[in-house]
Amino acid sequence: MSSFDDSDAFEGASLSARAMAARPAPYLDGLNPAQRQAVETLDGPVLMLAGAGTGKTRALTARIAHLLARGQARTNEVLAVTFTNKAAREMKERVGRLMGQTVEGMPWMGTFHSISVKILRRHAELVGLKSNFTILDTDDQIRLMKQIIAAANIDEKRWPARQLAGLIDNWKNRAWGPEQVPSAEASAFNNVGTELYAAYQARLLTLNACDFGDLLLHVVTIFQNHPDVLEQYQRWFRYILVDEYQDTNVAQYLWLRLLAAKHKNICCVGDDDQSIYGWRGAEVGNILRFEKDFPGAQVIRLEQNYRSTEHILAAASGLISANAGRLGKTLWTEAEGGEKVRLIGHWDGEEEARWIGEEAEAIQRGTRGMEPHSLDDQAILVRASHQMRAFEDRFLTIGLPYRVIGGPRFYERLEIRDAMAYFRLAVSPDDDLAFERVVNTPKRGLGEKAQQTIQRQAREDGVSLLEGARYAVTSGQIGGKGGAQLRAFVENIDRWHQAISQRPRPAFSSATDAPSIIPGSDEAWTALEPDDFVDSDDGAVLEDESLVNLGGYSPLNHVRLAETILDEAGYTAMWQNDKTPEAPGRLENLKELVKALESFDNLQGFLEHVSLIMDNDSEDAEEKITIMTLHAAKGLEFPVVFLPGWEDGLFPSQRSMDESGLRGLEEERRLAYVGITRAEELCTISFAGNRRVYGQWQSQLPSRFIDELPAKHVEVLTPPGLYGGGYGAAGMTAGIEDRAARADVYNSPGWKRLQERSQTRPVSQPREARNVVIDLDAVSAFTEGDRVFHQKFGYGFVEGIEGDKLEVAFDKAGTKHVVASFIVSADAADDIPF
DNA sequence: GGTTCCCGCATTTTT
DNA sequence: TGCGGGAACC
């Protein structure tokens with residue numbers, strides 16, 4: 001077992017074989033003492049308090065490798081939980097790399113939700129569902145809520161469905177069923193919140209569906225009401241690991257505590273200082289209470305930071321120390337010196353964007369006294385997404401390439417959701433929500449009236465909308481053009497469904513395929529082993545059978561079936577005929593969707609794991625600066641980071657403070673902490689004196705967080721003209737209100753603070769541009785044929801050397817020219833903490 | 001049944 | 001200021 005999957009390429013096969021024998025635990029190499037302790041303390045509850053950039057993923061994956069290598073647990077006895085699919089995938093990859101290729105995929109490594117689905121499918125009956133239940137996304141949820149609200153005769157204007165959805169989500173996060181909502185909250189939503197909640201849950205059961213919150217809540221309910229079932233899982237999961245523990249909500253906490261109660265081998269990794277999801281139910285309290293919840297817990301602190309320079313770290317630490325009720329950590333680094341955190345004020349938001357654009361280009365050219373940094377290495381992190389606009393506008397004007405992370409996710413887009421609804425109908429024709437969504441998309445002449453007829457018919461007969469529609473057509477209730485089109489629609493669904501049903505399906509993927517064991521029955525249940533629990537996606541594989549002969553479609557695999565569905569539905573044509581500018585993009589997205597299907601064995605598996613396609617970070621050839629929110633940046637790092645908009649009300653956000661008071665403010669501060677600690681080498685904080693808010697000019701005060709930055713780690717860059725009588729032209733043309741605003745700003749404590757701070761150097765003069773040194777040392781470390789690693793492009797071989805650049809053929813990203821200093825030799829790659 | 005117009009509203013986001 | 005949703009209008 002080697003920690004390098006490509007070791008032969010640079011180490012020599014015979015050597016590595018010998019080395020393996022001599023070093024039984026290569027995954028321990030290079031760990032610092034704290035990390036090592038975190039890896040080797042296997043039994044009992046452990047809280048790994050891992051500060052930003054301290055290599056926690058490394059410790060976590062090494063811990064799993066250690067568990068497996070020592071034979072403490074088999075791969076299926078380790079439960080490893082993350083929040084995002086991305087994190088789960090990365091963990092799988094890294095454990096695989098540590099253990100070598102021999103390790104089979106770990107069936108219980110995944111998100112809270114995906115693991116819950118797996119458990120829930122087995123015991124669905126225990127909460128009144130069938131095991132082939134569908135999972136609703138937010139959109140379906142809202143549509144359902146609307147129906148519920150309408151049915152209750154409540155004015156939807158005063159009581160919007162969104163709000164109800166949010167409320168119910170919140171309750172679910174706190175693990176409250178309709179009956180458990182405390183009376184203090186009962187007045188919510190026009191005094192009928194809990195009634196609507198109950199109605200919603202009832203409706204979900206009739207639809208054989210559940211929402212995201214239910215996935216966890218149902219599992220908790222099952223565990224609480226069926227000790228036999230719980231006991232089985234407790235036995236299986238000998239070791240439990242949890243990533244980002246500070247983000248867990250009450251439901252997740254209960255879920256974990258129930259599962260860990262037997263073996264008590266639970267290792268939670270997190271950082272209370274990076275808890276930024278309180279607004280969606282995360283309880284910092286979970287991590288603060290850990291030692292009480294799990295008596296005898298060992299707390300291990302990872303405090304050596306491998307990411308940022310001294311100044312950046314000190315500035316962040318100083319800031320976060322203003323928060324009360326922390327577990328407390330002292331981050332330190334061996335990296336000395338570096339640039340101080342830079343602070344700059346601007347006249348308005350546009351100037352701020354202009355300045356950052358120029359600065360990014362300067363840094364790219366290497367005229368800022370540091371080694372040049374590609375735009376790929378630079379990021380602008382904002383509090384709220386509307387702040388991105390100013391940057392996009394500016395960058396489009398000057399032609400600075402940028403990429404925006406976030407925004408509407410791939411699978412949330414209209415066309416993707418429509419297509420998914422078609423697929424859902426093909427897989428389960430009784431999916432009423434999907435039916436509703438696309439019955440008249442593209443237009444089939446089925447308006448409100450026709451749809452009501454279908455609904456009424458379905459209700460009367462107690463059948464699905466599809467069956468209701470079928471009857472409405474045959475009985476002549478819906479005739480004419482619409483009727484004919486509806487008939488065709490129904491027939492299409494029948495045919496698609498048939499095409500799918502005739503194909504072999506993996507075991508466990510639906511009720512009809514479920515094993516003969518009745519989940520919940522003691523006897524049968526105890527007979528099951530963890531291994532019997534096959535993943536529906538990587539379990540039974542169709543292999544050669546993926547091409548099947550079918551009447552009407554032959555041969556046909558699920559990818560082609562998907563294309564056929566969209567074509568036959570007229571959906572593709574709908575966008576082809578659409579002349580709006582976004583139509584081509586939508587067709588592109590559909591193509592991408594179909595392409596994403598290729599990596600699945602069938603449509604069912606795809607629908608189950610649809611969320612996987614959302615991170616379709618296509619490797620861009622062109623280098624771009626990244627713009628994203630602070631929330632989205634958690635877990636990432638960039639050599640150069642810009643943090644604009646540090647103004648009171650914007651950051652910290654007024655709304656946060658209004659709604660959650662001190663708690664809200666502290667969470668904002670943690671967000672600021674997360675922002676600063678994303679930076680490796682250069683961090684620039686900025687604010688503007690004036691900003692357009694909803695079209696209105698507003699004068700802004702510098703953020704209180706700026707005050708909290710320790711002065712000796714901050715360098716104030718003075719904006720041009722600050723001393724020399726205002727902002728010149730800008731001030732002259734800005735109009736009376738703006739001049740008044742400026743006066744305000746000048747008199748504000750913030751500006752005074754700023755002026756006091758800018759004691760030493762008026763940095764408006766760009767610092768002396770040092771010569772761009774071509775780092776020949778970096779180049780000379782490599783020769784052609786070397787196996788190397790790049791943080792972004794992964795592994796590759798050196799193909800040539802040109803100046804300070806290397807031509808590298810990357811395994812995945814293709815051949816690229818990269819600055820040598822961005823490259824490490826592949827054997828050093830594992831020492832990079834992520 | 002489809003289009004257009006107007007009003008209200010406006011963080012952060014994963015599953 | 002700009003977007004989305006609902007209502008009114010064609």
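Including glycine, each Cβ sits where the backbone N, Cα and C put it.
Keep in mind that TrEMBL annotations are predicted by a computer and have not been checked by a curator.
Taken verbatim from TrEMBL:
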- A:Ala50, A:Gly51, A:Ala52, A:Gly53, A:Thr54, A:Gly55, A:Lys56, A:Thr57: ATP binding site (BINDING)
- A:29-309: domain 'UvrD-like helicase ATP-binding' (DOMAIN)
- A:310-635: domain 'UvrD-like helicase C-terminal' (DOMAIN)
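Averaged across the domain 'UvrD-like helicase C-terminal' (A:310-635), pLDDT in this predicted model comes to 78.
A:Gly51 (ATP binding site) has a Cβ environment of 27 other Cβ atoms inside 10 Å. DSSP assigns A:Ala52 (ATP binding site) to coil in the three-state reduction, placing it in neither a helix nor a strand. Local packing around the Cβ, expressed as the count of other Cβ atoms within 10 angstroms, is greatest for A:Thr54 among the binding-site residues A:Thr54, A:Thr57. Each of the binding-site residues A:Ala50, A:Ala52 was scored by the other Cβ atoms within 10 Å of its Cβ; the lowest score goes to A:Ala52.
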